[in-house]
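Chemist: Per Swiss-Prot, the feature [4Fe-4S] cluster binding site maps to Cys12, Cys94, Cys188; the stated evidence is sequence analysis. Per Swiss-Prot, dimethylallyl diphosphate binding site is recorded for His40, His72, His122, Ser216, Asn218, Ser259, and the stated evidence type is sequence analysis. As annotated by Swiss-Prot, isopentenyl diphosphate binding site applies to His40, His72, His122, Ser216, Asn218, Ser259, with the evidence given as sequence analysis. The (2E)-4-hydroxy-3-methylbut-2-enyl diphosphate binding site annotation in Swiss-Prot covers His40, His72, His122, Thr160, Ser216, Asn218, Ser259. For Glu124, the entry in Swiss-Prot reads active site, proton donor.
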Amino acid sequence: MILYIATPYGFCSGVKKSISLAEKVLSNEGEVYTLGALVHNPKVIEELSKKGIKILEKNGFVEGKALIVRAHGLPQRDIEFYRTLGNRVYDATCPLVKKVQILAEYLNKNKYKVVIIGEKNHPEVIGILSYTDDQGIVVENEDDIKKIENYPKIGIVFQTTQSLDNALQKVNLIMEKGKEIRIFNTICPETIERQEKAKKLSEMVDLALVLGGKNSANTRRLYITLSKKIPTYHIENIEEIDKSWFKEDNKVGIITGTSTPNDFVEEVVELLKSLYPLEIHLV
């Protein structure tokens, strides 16, 4: 069996920074809560939980504690609320997400109708929307675009894990809705790179394994890209892998979402090694 592993794999830089900050705060504070799941990967959340990092779910109430803003960010009002309760709030928002928040706030203050291309219910998008005083428009599909009125000034930003192809299609449809339109490409470069690697893998292999959380937006998009071309399996844990999927003469591809730990890749590689002799290539 020949195995092609798409690079980069494992955590993106934003996830690394968020986890590093959480562990540092835990070391200094002793007791720590994250405001929602820090990242969208159950394996990572389980490991953080074992270390003592707890999750404060939506509408949870604590006072005088150390709290960490999740990598996807939070609405401004939530952060302000927890601070009024005497909590020490540490911001682990991905720097690229923070950039989108700042841009959305800038555009809103300068009288642009802010359009966020992304998923309405994704925590990142909900957070960005708050920086427009909740006056922005979230575009998830073409029906959302049809509802947009004509505005003199429109500013467009993107959920950082959007696929570039999907985003460009929507931008083209929005162009006729405003006289002045400013577009900021806020899609994460690592997300774009992994999408391109998914396309490349689809031309090289017989089947693909997409490793990452089922609740991870960027991982789902990798799965969608690959599954259009070849048999593809979205794997969250090793128990989901069925050995009957593989044959000795297979060319198999592995690609990971941006919050998938390296050790999960290694775990899957070891499983494949136990099935057939394995020739490994990085692509």
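Keep in mind that glycine also has a Cβ here, set from the backbone N, Cα and C atoms.
Here the structure is a predicted model, which means the values were calculated and not measured.
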Chemist: Out of Cys12, Cys94, Thr160, Cys188, which of these binding-site residues is nearest Ser259 (dimethylallyl diphosphate binding site) by C-alpha distance?
Modeler: Cys12
Chemist: Residues other than Cys12, Cys94, Cys188 within 8 Å, Cβ to Cβ centroid, of the [4Fe-4S] cluster site?
Modeler: Ser13, Gly14, Val15, Ala71, Pro95, Leu96, Val97, Thr160, Thr161, Glu190, Thr191, Thr258
Chemist: Between the Cα atoms of Thr160 ((2E)-4-hydroxy-3-methylbut-2-enyl diphosphate binding site) and Asn218 (dimethylallyl diphosphate binding site), find the distance and write it as a whole number of Å.
Modeler: 9
Chemist: To the nearest whole angstrom, what is the C-alpha distance linking Cys12 ([4Fe-4S] cluster binding site) and the residue listed as 'active site, proton donor'?
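Modeler: Each residue's Cα considered, Cys12 ([4Fe-4S] cluster binding site) and the residue listed as 'active site, proton donor' end up 16 Å apart.
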Chemist: How far apart, in Å, are the two Cα atoms that lie farthest from each other among His40, His72, His122, Thr160, Ser216, Asn218, Ser259, the residues recorded as binding (2E)-4-hydroxy-3-methylbut-2-enyl diphosphate?
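Modeler: In whole numbers, the farthest two Cα atoms are 15 Å apart.
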Chemist: Quick one: Cα separation, Cys94 ([4Fe-4S] cluster binding site) versus His72 (dimethylallyl diphosphate binding site), in Å?
Modeler: 6
Chemist: Indicate the candidate from Ser216, Ser259 with the smallest number of other Cβ atoms within 10 Å of its Cβ, considering only these binding-site residues.
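Modeler: Taking Ser216, Ser259 as the binding-site residues, the minimal 10 Å Cβ count falls on Ser216.
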Chemist: Within 8 Å of the centroid of the Cβ atoms of His40, His72, His122, Ser216, Asn218, Ser259, which other residues of that chain place their own Cβ, given that this set defines the recorded dimethylallyl diphosphate site?
Modeler: Val39, Asn41, Ala71, Glu124, Thr161, Gly213, Asn215, Ala217, Thr219, Gly257, Thr258
Chemist: Among the binding-site residues listed here, His40, His72, His122, whose Cβ has the fewest other Cβ atoms inside 10 Å?
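Modeler: Among the binding-site residues His40, His72, His122, the lowest count of other Cβ atoms within 10 Å belongs to His122.
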Chemist: Have a look at the binding-site residues (Cys12, Cys94, Cys188) and report the one with the fewest Cβ neighbours inside 10 Å.
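Modeler: Among the binding-site residues Cys12, Cys94, Cys188, the sparsest Cβ neighbourhood within 10 Å belongs to Cys188.
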Chemist: When you measure from the Cβ of Asn218 (dimethylallyl diphosphate binding site), which residues in the chain that are at least 6 apart have a Cβ under 8 Å away?
Modeler: Thr161, Cys188, Thr191, Arg194, Gly212, Gly257, Thr258
Chemist: Tell me the coarse DSSP state (helix, strand, coil) of Glu124 (active site, proton donor).
Modeler: helix
Chemist: If you measure from the C-alpha of the residue listed as 'active site, proton donor', which of the binding-site residues His40, His72, Ser216 fall inside 10 Å?
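Modeler: If one measures from the Cα of the residue listed as 'active site, proton donor', the binding-site residues that come within 10 Å are His72.
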